Ligand code: TTP
Ligand code: MG
């Protein structure tokens, strides 16, 4: 019977369980992007990270292909440890008796975030096309509300007499379609979790990686979660996991059966939230990705004091940022630059304007003007940012008469000011030691207290601004 409702899923009297939420998480994303442009790396142990180039000593794994994970290599691991587990293929000389066995060696590549963002753009284009509401969480992860595009009904030809877990649903078919489109149009593999709420969809996408498709129909959520270790519940990191273990709570089932007051005593409000998640209760709506607070673009250079090179870079960055602002229909009231001097001295300068503008020439001239302060200085990274954004409809195209030449180095009301701070090091760094701003996942409110977050943690499932500098 086509369109039969699954047993135990009479959604009519429960609007919440009627929702169909997908969580899409790309498989070993940076490594898959590298394979897209170097297909010869398919099937090879591949590590993407930094710190293994000549002269580098510190660095971390950004990601490892599943073949490299079989050797124990994992994200955020120091590169030195990864190299012990999986020697570098370049050192695997068949004529050298002391060299590693080529069959036991891997390829190591540096991070090329710009390229991964391009690929992510292709993925997002598919997702936008397939979702009623799309919430982008990071460069490789998103939630889709597809309730109006599909349903929990059994697919044509499926018998609703089977158990819900066995029946193929329309939702599963749609998820397969989305997965295939991503693979075809962006060229990289994704894992998809399908569930009636966000937190279960998130767990489901992770449950059968890589190339996973796990469907958890309403009515199956609690039994699906129950046997999983608490660490699999979104928001439980190593510290919380230990706290829970001390309470005798090892699985999501234990958590679901625990006393919520006791959990609240130990973990505060998060305790109750995790309790609800373990029971499959999560009524958060999939809301569209929040508007950014700033738009920025930065570019790494091999350290240079060459003025023309620096100015050219800033011009290009300014044009890019201004174009993106215009595309998004947003005005800005602050224009800033960032100049990183080797090794990690981060300088930010910004100037506030009297009013909001959309004026690419002004972005360029203010950015170049701010750059003057670094005349003669060697820089290894430059950035341009517009902030104090205003997305309201407006025709205020330019701000005639603004004196771009005045007050060089005015810190305005931006963070950074004249201080020369040290750039925070993160486990996730781009090829030049800078922070990545785009990949970190959110956890439930307060999860940072767990101490298991990366330096660049963004909270609230991607609510924080895009491209913010710290
Ligand atoms: P993840 O989705 O956590 O990992 P992944 O896509 O590499 O692998 P999986 O198949 O398990 O999803 O992160 C997405 C990208 O973010 C990852 O490819 C590289 C980057 N990243 C870091 O740079 N550092 C980190 O510590 C982690 C976890 C990810
Ligand atoms: Mg991923």
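Indices start at 1 and increase along the chain as displayed.
Note: Cβ is positioned from N, Cα and C throughout, glycine not excepted.
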For TrEMBL, the entry region 'Disordered' belongs, out of 205-239, 240-274, 275-309, to 275-309
Run through the Cβ atoms and count how many others sit within 10 Å of the one on residue 25 (Mg(2+) binding site). 22
For a Cβ distance below 6 Å to any atom of ligand 2, name the recorded positions from 25, 30, 140 that qualify, or say none. 25, 140
Quick one: Cα separation, residue 140 (Mg(2+) binding site) versus residue 30 (site 'Substrate discrimination'), in Å? 9
Could you tell me the C-alpha distance between residue 25 (Mg(2+) binding site) and residue 141 (active site) in angstrom, no decimals? 4
Could you give the Cα-Cα distance between residue 30 (site 'Substrate discrimination') and residue 141 (active site), in whole Å? 12
Quick check: in three-state DSSP terms, what is residue 141 (active site)? strand
